[in-house]
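Report on one structure; see the data block that follows.
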Amino acid sequence: MDRSKNVHPWRRRYVTACLLFCILGSASAITHYSIPEEMEIGSVVANLAADLNLDVKTLNRRKMRLDNFANKRYLELNKDTGEIFIFERIDREYLCSSKSATTCVLKLDATIENPIRIFNIEVEILDINDNAPHFRRDTIHLDISESTPVSERFSLNNAVDPDIGSNSIKTYYLSESDHFNIEIQTGRDGSKFADLILKKTLDREKQNVHDLILTAVDGGIPARSGTASIVVRVLDTNDNAPHFDKDSYTINLSENSPIGSLVVKLNATDLDEGSNADITYLFSLYTSEKTQQTFTLNADTGEIRVKDMVNYEDFKIYDMEIIAKDKGANSLSGQCKLTILITDMNDNHPEISVKSFQSTIKENVELDTVIAVVSVNDKDSGENGVIDIIINENLPFALRESSDNYYELIVSKPLDREKVPEYDITFTVTDRGTPQLSDNETITVELLDVNDNVPRFNQTFFTIPVMENNAPGALLACLTAIDPDLHENQYLVYFIIERDIANTSMSMLFSINPENGNLYALKTFDYEIEKEFLFHIEARDSGVPPLSSNVTVHIIIMDQNDNTPVIVSPWRAHGSVVEEKIPRNTDKGSLIAKVIAIDTDSVHNSRITYQFLQNTDATLFSLDQYNGEIRTMRMFSYRDARHQRLVVIAKDNGEPALSATVTIKLSTVETAMKSYSDMTEVPLEYDIFSDINLYLVIGLGSVSFLLLITILVTIVLKCQKPKPSKSAPPSRNSVASERNSTFADSTLVSNDAYWYSLFLAETRKGKLVVRQPVPKGQRYIVSSLPRSTGLTETSDSAASTLQTFFTIPVMENNSPGALLACLTALDPDLHENQYLVYFIIEKDIANTSMSMLFSINPENGNLYALKTFDYEIEKEFLFHIEARDSGVPPLSSNVTVHIIIIDQNDNTPVIVSPWRAHGTVVEEKIPRNTDKGSLVAKVIAIDTDSVHNSRITYQFLQNMDATLFSLDQYNGEIRTMRMFSYRDARHQRLVVIAKDNGEPALSATVTIKLSTVETAMKSYSDMTEVPLEYDIFAGYNLYLVIGLGSVSFLLLITILVTIVLKCEKPKPSKSAPPSRNSVASERNSTFADSTLVSNDAYWYSLFLAETRKGKLVVRQPVPKGQRYIVSSIPRGTGITDTSDSAASTLQVRQVCILYDKHKLHNQTLLRLLFIRL
């Protein structure tokens, strides 16, 4: 680059002037140049070759050089162009430090050879304003007396500026001040300096320090400046006299004041400082000698104290005059008058005497009880003999005058021994003399304990973390309560308030030491099964009557890393190898496979990382340790093996870490053929056990096996005929199958959530329905009893609700305290027998008490919500409300309340595939020869709202080419609408929005950046003729499909015939009332819904009994290995523990009372006995 381009226009003017000067003065043989200081390195000064008329081409040959006479090489010669340029930055103040020099010249010699010639060059360095004025000291200190006269002059240090001429210091400025200004002087050498002038008298007492700012400004353009601080300290003079706070003082002094006692402390102040402010106190000549003998004056402090005995009868008034004098050179003084008034003393003390006293009383003593009697006396007369008696106002006692100078001590407030076990009561008597004299007497009252305090825990809620896999019997915590009572009232006993949670008693899980409250675990907990428990501990004292309180205990099971990660993708049979085929021309960075593992441990322990345990070629494949994506690091070469074996290990984040492995066998396949003759090898791969054929064979074999098993089971069931009993009515028992079953829902009135969830009985239809899986190995007897054996009631009528089941929808995110429903019961009795009280039958569901979630008005049955519900956490609640009358004995009935939480659209869809970090763009690579209709990507979003609100639809929010890509609005698949052309951009940006179906709709977006890559083949379409031989219905495939369809059809016919045969009703026995014991099948079945009056929600959800049709229906899947006996008992037999029936040894767990209005004509009381083996 030409250096002349670096020369600024103003510098060009300097060089032009210098050239003119050189032309005019060429006779001197010295070449002159002028340049400003601080030019940038590389800036051109002049073209020396042109100025000296030298040929530029000969400069290198003639070895032209530039010699500097300075100690640094500031200038250098460019031999190619003949230009002199700045080699090092020039500072004129450094080069010519003397300010007396008007010019600063840099001398150079330019030498050339062949022939040798020397040229003298002078470069004048011009000054620029590159230095700001500065003071040698940043702060200037001046001491000026406050008596200094106005117009006094004080010299100041001048500022220094290295620049010269107009760039040097021009003037000074002083910050605004009422007392000072400056006057600028000019020295003989032209330098500027300033003098400080006092323009107003100083007063140290008003302002003792003046802070000023002196600014020096130079004459450059732009101007530069520097500042210095001037601190003026004002010196004091003795111009203020001491003065007292008051001109006169009057003091009252009691007679017989002790010698040395302080009468008064006088204070005089002086506004001066130093010795001018030091004050000395003394009596004036006008003070009497008697006064000076009676009182003493401290000359330094001004304290007046008693020097001799003061007697009221001798002198009643003392007058004195005090002088305060400073210690300045010209001493000044001030004075005041003091009058001391002597007051008479009260010489006799009052007296007190205790006449009667009870030293111990119970803490629950009644108010106004007299516990002591006292009397008072004072020998003085007048006001000095009047006595006032008091006790501490904070005590729960009071004084009551009974007669002259006699007082009773009574209890005025309730006593509490636990707060104050005893009281020290001090009687204080004071006369009204001046000064007052007093006396006191103290008695002690001790309180006896009564049991009036409940035990108290130090907190109302305990959260106890317990590590899973704990040892049974391990100590969990010490729950200690405190009872401030004494003796037996203080002795506490701890126990667990029995509460069944998930059909398990708390006493089977935990144990508490009744003496010290140590809580122990009775079993080993598993975080994956039980994450928390909520129950209550009660502490009860041994007083009469005993008092108690309870505390809520929240057991949180802490996770251990005891679960190994499970590989869920790519799926493979246990221990098998996953085989994948990929094109051999796969591009670098292409996704080969994605390993997905899950871990059932907690979030921390279940964090999965992926690593290669074995990689055939470490340069060929890479594995993302967080998302498990396996991608190619380069393209395949002819040296790479056809088969690659990858072993991936998935480790969790626990300590120690657990892992699982998956083996992936990758086979590369060619996607383009060299010639048609190469395709002759393709049919060899059409093995009879190719992928499609293999699946068809497996399917055909499986269906055939199921058909055979179904036929055998049908034959066995039909051949089993139970023999009727001769001594008892006929009974049929069948076992509930272990397969999953699907049933309709119905209604239950129950007080027990476990039984309620298992069975459902409907009296109108005569059905008992199994609602959910029944525990393995359990048996339950469901029987009907005649009215004569049922329960009897002595009441006229019990309270009854208008309906036995309430379904109440509640919108999530409700306001706490919102009214949900009014549950009203009717009682036809009168008066108190008709007065109803409503309450929730307490039952913990999911470790939460219903009373913590809902509240009912006991008078009108209004049901309220106590918290805000979240559909995604709690979808429904099932509990019972009881209405009880006030008769004797009280009668009651209950109703089942089913709270259904209605979903709101309050959750935004979450994009789970394609995965990307928060806010990032998903990048995908696709071959440029991708066919029309090919799958490019698939967007998957999930929404935790309900089914309606979580229905996701997909749309393009941005599509660079609407003719190139299509998006399925339901499954999120992005496919090509045509093949890529040479006009299509290499990079395509797609923005997809996933909307839910709520109102208003919520959405999430994902950005996909597609990059097309060229492949080594011409087109994949060259192979389109080959797949025609791979017809799914060609050869063996067709026969396998026909076989599979035929066997499936036979299996369906067999199942239908079996169902028809099993549904036929048996004829009832004529000799006795019909009794049927059936066992619910474990296969999938669908049954009608009905109603059960029960006390257990578990049984309700598992079985459904319909008495009208004589059916027992399984409503939900029954747990594997469980058995249930369902029996009907004739009117005359009843149910007893000694019965000879098959279930005689079973334990009765729950009784549900039903009225079969149709079959028994309101005469038979159906009692369902759920008996568990």
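Cβ coordinates come from backbone N, Cα and C, glycine included.
Copied over from TrEMBL:
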- 1-29: signal peptide (SIGNAL)
- 27-135: domain 'Cadherin' (DOMAIN)
- 136-244: domain 'Cadherin' (DOMAIN)
- 245-352: domain 'Cadherin' (DOMAIN)
- 353-457: domain 'Cadherin' (DOMAIN)
- 458-567: domain 'Cadherin' (DOMAIN)
- 582-685: domain 'Cadherin' (DOMAIN)
- 694-717: transmembrane segment (TRANSMEM)
- 802-911: domain 'Cadherin' (DOMAIN)
- 926-1029: domain 'Cadherin' (DOMAIN)
- 1038-1061: transmembrane segment (TRANSMEM)
Other parts of the chain folded back onto the transmembrane segment (1038-1061), taken as Cβ under 8 Å at six or more residues beyond its ends: 693, 696-697, 699-700, 703-704, 706-707, 710-711, 714, 718
Outside the transmembrane segment (694-717), six or more residues from its ends: residues with CB under 8 Å to it: 1037, 1040-1041, 1043-1044, 1047-1048, 1050-1051, 1054-1055, 1057-1058, 1061-1062
The domain 'Cadherin' (582-685) and the domain 'Cadherin' (458-567) contact flag, 3+ Cβ pairs under 8 angstroms: yes
Per-region confidence, the domain 'Cadherin' (582-685) (mean pLDDT, whole number): 82
